[in-house]
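For reference, the structure discussed in these notes is given below.
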Amino acid sequence: FHLQTIMTDSNHTPSCYANTSTPYTYAPKMGKAYLSAIFSILGLISNLVAFIVLIKSCKQTQNTSRSFFLIFLGGLVVTDFMGLLVTSSFVMSFYVTHVDWRLSDPTCRFCNFMGMSMVFYGLCPLLLGATMAIERFIGIKYPFARSSRLSKGRTVSMVLLVWFIAGSISLLPLTGFGSYHIQTPGSWCFINISSKRGDWAFSLLFSLVGLISITASFLLNTVSVVTLIKVCRGAGRRQRSRDHEVEMMVQLILIMIIATVCWCPLLVRLSFFPFILDVHK
């Protein structure tokens, strides 16, 4: 009764459940729970298999540049696995229990954690993709400079740095810069899209970081592919030594395409939302 009284009093409604520009409808029967379970399980299994294959490949490879690439790829696989594990746990528990977070989480702790997870695990693949594109660009364009400066320790440090940057951005709403809000059907939380300066500034920051990462990946990968084609044409006897470079670029381009298709529509919408708000005022 006490929680219901708090929720009915607009002055005490937590920010993550308040009426904002972000629409929300509690609809536990919306969607198919078994579809979410199937996709989550398949994603977790595929990432686990990919990680095992990466470990074996890293032990067997004798090529320095490929070992660096596999470390980045391993960081990407681990991030995707943990992202699926965390977010799917929240979603599946919602469909099983039909819990209403507005009543069971009046302090917004779970909602904030879910929102932080969505931002963190959303930015990490984009930032890692851009980092991998930078490494491949330097490795193909300036192989001697890269081989003399990059080591496995520095490669791991770069992955940790990407996690730190994404984590720092996801924590900003807890400092008052932006906020997280529950989303329909009530199984997840994400960035609060509202007319408040902090909210739209945070959504703009999130979208710009993502779009810059995708743009950088596209430009650097394009230059790397063109350079690699020129080198392979004139390589002659050294053609075999370039096979691993071609394989890595194909994998990196596939990663870039998947990230672009999955995230670009949302990132573009978030980047233009502040200007749409100004037009409607």
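Backbone N, Cα and C define each Cβ position, glycine as well.
Per TrEMBL, the features are:
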type     : residues : note
TRANSMEM : 33-55    : transmembrane segment
DOMAIN   : 46-281   : domain 'G-protein coupled receptors family 1 profile'
TRANSMEM : 67-93    : transmembrane segment
TRANSMEM : 113-134  : transmembrane segment
TRANSMEM : 155-180  : transmembrane segment
TRANSMEM : 200-229  : transmembrane segment
TRANSMEM : 250-277  : transmembrane segment
(message) With Cβ-Cβ distances below 8 Å as the criterion, list the same-chain residues six or more beyond the ends of the transmembrane segment (200-229) that contact it, or say none.
(response) 119, 122-123, 126-127, 129-130, 132-134, 136-137, 140-141, 169, 172-173, 177-179, 191-194, 242, 245-246, 249, 252-253, 256, 259-260, 263-264, 266-271, 273-274, 277
(request) For the transmembrane segment (155-180) and the transmembrane segment (113-134), decide whether they are in contact, meaning at least 3 CB pairs lie under 8 A, counting pairs 6 or more apart in sequence. (result) yes
(message) Using a Cβ cut-off under 8 Å, which residues of the same chain at least 6 positions beyond either end of the transmembrane segment (250-277) come close to it?
(response) 21, 73, 76, 122, 125-126, 129, 132-133, 136, 191, 193, 195, 200-201, 203-204, 206-208, 210-211, 214, 217-218, 221, 225
(message) Can you tell me which parts of the same chain pack against the transmembrane segment (33-55), counting only residues 6+ beyond its ends and a CB-CB cutoff under 8 A?
(response) 70, 73-74, 77-78, 80-81, 84-85, 88, 91-92, 95-96
(request) Let me know the model's mean pLDDT on the domain 'G-protein coupled receptors family 1 profile' (46-281). (result) 85
